[in-house]
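Features of the protein shown, as given by TrEMBL:
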DOMAIN    A:38-186  domain 'HhH-GPD'
BINDING   A:Cys188, A:Cys195, A:Cys198, A:Cys204  [4Fe-4S] cluster binding site
Amino acid sequence: MKPDKMRTILDTIAGMFPDAHCELVHSNPFELTIAVLLSAQCTDETVNKVTADLFKKYKRPEDYLAVPIEELEQDIRRIGLYRNKAANIQKLCRMLIEKHGGEVPRDYESLVELPGVGRKTANVVISNAFGVPAIAVDTHVERVSKRLGIAKPDDSVLEVEKKLMRLVPRDEWTITHHRLIFFGRYHCKAQRPNCPECPLLDLCKEGKKRMRPSG
DNA sequence: CTCCCGATAT
DNA sequence: ATATCAGGAG
């Protein structure tokens, strides 16, 4: 993709979602880390419903280790994938206490070593909690990037991330990440994208393809 | 690659 | 009924 086309995309989604932000409710880096870990293959809305009670009951890493795994599983059951996530939360808390003084580490390399924390989660934490420019590629960012032609259909999430970092100025990485998510979540949706009212339709092959009668 | 998994939209 | 949801580990 050419830089001028990318600039058009950036300016357009900035106009559509000027206040895009992290929608996972949290009040500190530790809560954000737990919320993002829980958000895998689950909507933010459901995560927020569960963490509303969860974060009242569990304040510190020690609190998650003080209950049997079965109790934590029940507390996050509605999220889905709850056995893996409960186990990862307890392992993560143990590692925070043993290796990081009970605090969430501020660097990417330490974050990805935490159980249940991969590239996407680590990028969300360093950008939202610690102000480090990053572009976390989740399902929305991947889908939107491929539909708009920023990335190719068979690119890996890492390749998508590299292309975005190359095309977007560093000081716009984090806000662009949030705008791409809002664009994907509320407009360029997976199941029923709003192509008829899309201001980017002219430069979107996928959109024009979808607008044709055959589909 | 498969498995993990409940909630919600279509 | 099926697709999708702020993925990660084995």
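Cβ atoms here come from the backbone N, Cα and C positions, even for glycine.
TrEMBL feature annotations superimposed on the structure.
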{"residue": "A:Cys188", "record": "[4Fe-4S] cluster binding site", "DSSP class": "coil"}
{"residue": "A:Cys195", "record": "[4Fe-4S] cluster binding site", "DSSP class": "helix"}
{"residue": "A:Cys204", "record": "[4Fe-4S] cluster binding site", "DSSP class": "coil"}
Integer mean pLDDT for the domain 'HhH-GPD' (A:38-186): 98
Extra residues within 8 Å (Cβ to Cβ centroid of A:Cys188, A:Cys195, A:Cys198, A:Cys204), [4Fe-4S] cluster: A:Arg147, A:His187, A:Pro193, A:Asn194, A:Leu200, A:Leu201, A:Glu206, A:Gly207, A:Arg210
